[in-house]
C-alpha cells in the first residue's frame, strides 16, 4: 500500500517537474488529427527514450474551433509576438508568414545539429523557411501544385503526359474533339486553377516560372518581354483548351470535375490516389523546365521565451524534423511530401509517394517575402489577373501594374525630369569650380579682399560638398548614401559660413582677448569648428539612418532615409541648432559691424547673401521632415531649391557682385565712388549716432529719476548700458 502511494507521489513530482511546451498549430481543412498523433508519440515515446522532462501541449486552430478562420489565427499570433508573449513556445505556421515572423523567431542554424540542417538544405527549405539568410523555420511537410492528367483519356487517344504547354494544348484539342464527336459535352479541357483567392498567386507564379530560360534562371520579371509572351500564351491556352469561367472556377469545383472524371487536365495540389488521374510536374515552355507552387507548413521557435523553454523547444523541433516522424507520420499515415530529400531513396516511402516526381519538381513559393503586407499584395495581383482574363486592359499595362506593386523606383537621370535636374546640378557644379579662377585675376582681387584666398577656397569647397550631397539623391538609395548626404551637407554648411564668422569676429569693433586670439589664430579657429563637425559626424554614425520602404498603389514605391531612433533624431536637432547659431551669430555681427569703413561694401554684400539664402535653407530644412508619395517631386524640389540657394549666395558673391561693381566702375573710378559713399554715410551716421546716444542718455536718466526701487534702477541702467553698447558698435566706423 505504502509503495503504491510513494510511486504515485514520485510520478506526480516527475510530472510537475516536466517543462510544458506549448505548440500552436494552424491546420485548416486537413491534417487536424495528424498533430494529435504526433503529440501523443512525443509525450509517450520520445521523451522516455531520450530521458527528457518535457510535456508537449497542443494548441490547435482549425475551422471547427475558429469560425473566423485564418485571419483570426494570424491576427492572434501577430498580437502575441508583438507583445513578446510567452503563451506559445513553438509555432507551426504557413510559410506565407515567414517574413512577418522572422524578427520573432530564432535562427535554427545556431541551435540545431548540423546534420539536421544539412538534411533540410533543399530548395523547399530555403524558399519557405529562410529570410535574410536566417533559418527561421523548417518544413514539417510540403505540398506541390501539380498537373493531373486523365490517364484513361490519354490512353484512349494514344497521347502522353504533356511536358510543354504546346503539347498540353495539342492533346487537349484532340481529346475534346474526339469526345464531343461522341456527344460527351460534359468534359472540360484544362482547369488551371485561377480562383478569386490566393491560389491564383500560386498558379500565376508557377506559370511564369515555367518560362525561365534555364533551370537556374530566376522567375521572369513582370515587365519583361518573357512575361508578356507568357501571358499572351496563357490567353491562348485558356481560349483553346477551356474558357474564362472554367479557368477562374474555385478549387472545390475543380476537384469535383476530377472526381467525376470530366477533366482532361487539371492543376491541383498533390492528392495521393485520386482515381483515374496521374500526377506529374506542370508543363513548361520548353522540355525540362517547369514550375510547381510550393506550400506546406513550417515549424519555428519564439526567440524571447525563457532559456529552459528554449532548450526544450529545440528538442521538439528536432523531433518533428527527424526521419522517424517524417516517414512514419507525415508520409505513411497522411501521404504528405517531405522536404527531407534523403528519404526519397527509401523503398517503403517510394511505394507510397512518387519519389522520382518528388526529385525533379522545380518548386517556387508564393512571393510572401517580397512585401510586409502580403495579403494586400496578393489581393491586388489577383484583381489585375482578373482584368487580364476579362480583357479589361492591355496585357502590357497589367503586367506593369503588377510590377509596380513591388518595384522600388529611384530618381534617376533616365527620366526626363531626372535628366534635366542632373544637367542643372552639373552646370552648377562647374560654375562653382570656375569661380575659383576669379580669385586669381588681378583686376578682380580687390572684390575679394574681405577674406583670404584660402578662406574663399574653403567657402567654394563647402558649396561643392552641398552639391555632392544633393547629387546623392539620384540613383539607387542606400544606407551609405543616406549617411553621406547628411555628413556632406553638414560639413559643406560649415565650410560655407565659418570663414565669414571668423572674419567678422576679427573685425569686431571693440577688441577683446577672444577677437585678438581669433585674429592671430584664424586657421586654428576655423579648423577647430571643422574638426568638431567631423567628431560630431562620427558620433552620428553610431546611430545612422535606416532605409524606410514606402509602398503605394501607383508607380511611387520608393525608399527614404529615416532616423534609426530617438537618439539619431536628437543628434540631427542638435546639429540644426548649432548651424542655426552660426547663422545667427553672423547676422548679429553684420549688424554690429554695419558702418566699419574698411568692410563697408562687403558687409552689405554679405547681408544680401545671408538674407537671400535664408528662405532656401528653411525650405531645405522643412522638406526633409516630410514624406510624400510623389518622391520625384520631392527630389526635384530638393535639387532646385539647393541650386537657388547656391545662386542666391555663392553666385551672388562671385558673379553678380563682380558684375555689379564692374558696371558701376563705368561711371567713375571705384575708389572715388567708395570715398564719396563713405563720406556721406560717415557724416550721416555721425549725426545719427549723436542723436541716438543723447536720446538714450536722456531716457536712461529719466527712467532712473522716476524709479523708487534701487534694484529696478540698477537693472534699467544695465539694460540701457547694453543697448548703448550695441548702438555704439553699430555706428562705429573703425576697428579698435
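Positions of Cβ are set from backbone N, Cα and C atoms, glycine also.
Checking the ranges 483-510, 567-594, 679-706 against TrEMBL, the transmembrane segment annotation falls on 567-594. In the predicted model, the domain 'G-protein coupled receptors family 3 profile' (421-650) shows an average pLDDT of 86. Packing against the transmembrane segment (456-474) from elsewhere in the chain are residues 410-413, 418, 421-422, 425, 428-429, 432-433, 435-436, 439, 448, 481, 484-486, 488-489, 491-500, 526, 635, 638-639, 642, 645-646, 649-650: each is 6 or more residues past its ends and has a CB under 8 Å from a CB in it.
Within its own chain, the transmembrane segment (417-444) has Cβ neighbours under 8 Å at 411, 453, 456-457, 460, 463-464, 467, 470-471, 474, 632, 635-636, 639-640, 643, 646, 650-651, 654-655, 658, counting only residues six or more beyond its boundaries.
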